[in-house]
Each structure stands twice: as structure tokens, then as C-alpha cells.
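Student: Shown below is the structure under consideration.
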Amino acid sequence: MSVPTTQKAVVFESNGGPLLYKDIPVPTPKPNEILINVKYSGVCHTDLHAWKGDWPLDTKLPLVGGHEGAGVVVGIGSNVTGWELGDYAGIKWLNGSCLNCEFCQHSDEPNCAKADLSGYTHDGSFQQYATADAVQAARLPKGTDLAQAAPILCAGITVYKALKTAQIQPGNWVCISGAGGGLGSLAIQYAKAMGFRVIAIDGGEEKGEFVKSLGAEAYVDFTVSKDIVKDIQTATDGGPHAAINVSVSEKAIAQSCQYVRSTGTVVLVGLPAGAKVVAPVFDAVVKSISIRGSYVGNRADSAEAIDFFTRGLIKCPIKVVGLSELPKVYELMEAGKVIGRYVVDTSK
């Protein structure tokens with residue numbers, strides 16, 4: 001396959017600095033990597049955090065962000081087996097790990113101290129050609145709608161892992177905060193596909209209609225509710241069995257520790273800058289609730305999440321714009337005006 005020497009990408013040279021749409025060199029895959037012609041990339045809140053430098057973990061600089069890239073294999077490193085030119089492949093948040101530490105050996109590769117992160121420590125998918133470790137790259141069936149598949153590679157895998165972490169049973173209630181956003185809209189669908197009943201939290205009538213169209217049985221609008229804890233417990237006959245916090249709201253996390261039912265599980269996914277978990281210790285003990293963090297899935301979780309999608313059980317509510325419009329997407333994200341998931345077309 002013919003691969004150019006230069007490509008279009010969005011790059012920033014300092015955290016919070018200008019987002020530059022410009023020509024950069026096409027990377028050469030290392031012996032353990034594949035080169036992917038990225039057709040589409042989802043835009044995640046993590047990308048916004050990486051650009052702004054919100055987290056206590058330094059990014060590489062300059063940096064090409066993005067970690068939900070779907071495309072075609074156009075280059076293969078000298079030590080790679082099992083991949084062929086023309087295969088469909090996905091770039092995930094976890095670009096690579098050591099595969100030798102205790103975490104990697106127990107299938108907890110995302111917790112590897114040497115993890116290489118797409119769009120954070122490794123140039124990501126906001127470019128036309130990107131590299132990925134051949135072991136961690138996601139396999140996508142030929143014929144997959146790559147624009148639709150892109151958000152599955154982080155948002156889908158992340159919420160699927162969070163729902164597994166909750167350890168609840170079919171027929172149980174799960175509450176999803178930030179349900180109208182990119183992660184939340186997928187969390188509703190995965191929850192329904194796994195047999196759970198969904199109550200959604202977000203703001204505004206438009207998002208209420210949206211989440212119900214995805215399968216939420218109940219909706220609580222935090223902008224009008226006078227007592228969210230009471231409203232949720234009433235709607236779920238005593239409180240949900242689990243709460244999945246995908247919103248970037250410290251207050252929402254604190255509320256979930258109150259409304260979850262006894263023996264329920266609060267799962268932390270969203271990462272509000274500088275936020276802390278505040279929970280009444282007496283209630284947490286007497287109700288025997290669990291508070292668990294859920295990061296991203298391992299290779300098995302990823303394959304399972306993709307399988308739900310390829311079987312038609314998950315529909316990604318996306319809006320496709322050109323890669324050059326990425327700064328505008330960030331503005332919408334900061335204003336809380338994103339419904340569903342934005343996907344960028346790297347050819348525009």
C-alpha cells in the first residue's frame with residue numbers, strides 16, 4: 001500500500017495552547033507496531049482534559065490527541081504477526097503495555113505502570129496515520145461502519161467495563177449520571193443489552209427525550225429536581241442497585257453515594273478535575289455500599305464490547321465533522337452542549 005510521507009493532524013505544543021491543524025510527518029511503525037490509516041476518530045472528554053493539562057499526569061509535548069481511531073492497516077512492524085494489510089483496526093486509549101508485570105499477567109493491562117496511552121503519552125488518532133501496539137490494537141470486522149465504530153473504542157469499552165464492575169444482575173436498576181453525553185448514551189444501550197433497567201440523569205427536556213429513545217425507563221432532570229436523591233429512590237423502588245458516574249460532576253458523585261440502595265455499588269468513571277469522593281461514612285457502612293473506580297477495559301473487555309456493537313445491539317448516536325473543526329467541538333464540550341458523540345473525519 002502506498003503511504004504518504006506527510007499528513008494532516010491537529011497538534012498542540014503546550015497544554016491549553018493553540019490547537020494547530022497542520023501537516024506533520026507520517027510516523028514509522030516500530031517492530032511491534034502497526035500503522036493505521038485513521039478514517040474516523042471519536043472525541044472524548046479525556047482529549048479535552050489532555051489538551052488542558054487537567055490531570056496529575058504529564059502528557060507528551062507536542063501532542064496529537066485522540067484515542068478512538070478506526071481505520072485500515074497500511075503498515076506492519078517487522079516483529080508483528082497476525083495482522084495483514086487491509087485489516088480494519090482500532091486505536092484504543094491503551095496503546096501498549098509491558099505484558100510482564102503483575103497487572104498485565106492478571107489481565108489488568110490498563111493498570112500497568114509502563115502503559116502507553118494514545119493521545120496522551122503516544123500520539124493519537126487526531127491524525128490521518130497513527131501507530132498502535134499490535135497486541136493492544138482492536139480488531140474490527142471487515143465491512144464495519146468505521147465512523148460508528150470509533151466511539152466504541154473508548155466510550156463503549158469504558159462503560160461496558162464499568163457495568164461489569166458494578167456486578168449486578170439482569171433486572172436490577174442502574175442509574176447513569178451524565179446519561180445524555182457520549183459515554184452515557186452508550187452506557188444506556190449496553191445496560192439494556194445486558195438486561196438491566198436504566199434510570200438516567202441529565203439536564204433539559206431534549207436530553208430527557210434522547211435518553212428515553214435509547215432505552216432509559218426513567219429520567220431525572222437535575223436542573224428542575226428539588227430532591228434528586230428522593231426522586232431517584234422513588235423511581236427505582238428504593239434506589240438503584242448500582243450507579244455509574246460518567247458525568248464530570250463532583251456533586252453527582254456525592255449524590256450517588258446517597259441514593260444507591262443498600263448493598264449497592266457506586267462506580268466512578270468520569271474524572272472531574274480535582275474532584276474528591278464525599279460520602280457519609282455512617283450511611284456507607286450501615287447500607288454496606290461499595291465505591292469502586294473503573295478505568296478502561298482489557299483486551300477481553302474490548303472484544304466483548306465490540307461484539308455487542310457488531311451484532312447490532314449498540315447504535316452510536318454520532319455527529320461527524322471534519323478533523324479541522326476539532327477546536328469547535330472542544331468549545332461545545334466545555335459548554336456542556338454535546339448530545340451523543342462527536343466523530344471527526346480525518347479527510348476534512
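Placed from the backbone N, Cα and C atoms, the Cβ positions cover glycine too.
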Student: Can you match one of Cys44, Cys175 to the Zn(2+) 1 site that Swiss-Prot gives for His67, Cys154?
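Tutor: As annotated by Swiss-Prot, His67, Cys154 share the Zn(2+) 1 site with Cys44, chosen from Cys44, Cys175.
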Student: Based on Cα distances to Gly180 (NAD(+) binding site), point out the closest of the binding-site residues Cys44, His67, Cys104, Cys112, Cys154.
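Tutor: Looking at Cα distances from Gly180 (NAD(+) binding site), the smallest one goes to Cys44.
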Student: Return only the integer: C-alpha distance in Å from Cys98 (Zn(2+) 2 binding site) to Cys154 (Zn(2+) 1 binding site).
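Tutor: So the alpha carbons of Cys98 (Zn(2+) 2 binding site) and Cys154 (Zn(2+) 1 binding site) sit roughly 20 Å from each other.
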Student: Sort out for me which one of His67, Lys207, Arg341 has the most neighbouring CB atoms within 10 A, since those are the binding-site residues we care about.
Tutor: His67
Student: Using a 10 Å cut-off on CB atoms, tell me which of the binding-site residues Cys44, Cys101, Cys154 is the least crowded.
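Tutor: Comparing Cβ neighbour counts within 10 Å for the binding-site residues Cys44, Cys101, Cys154 gives Cys101.
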Student: Could you round the CA separation between Cys112 (Zn(2+) 2 binding site) and Arg341 (NAD(+) binding site) to a whole angstrom and send it over?
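Tutor: Distance (Cα to Cα, whole Å): 28 Å.
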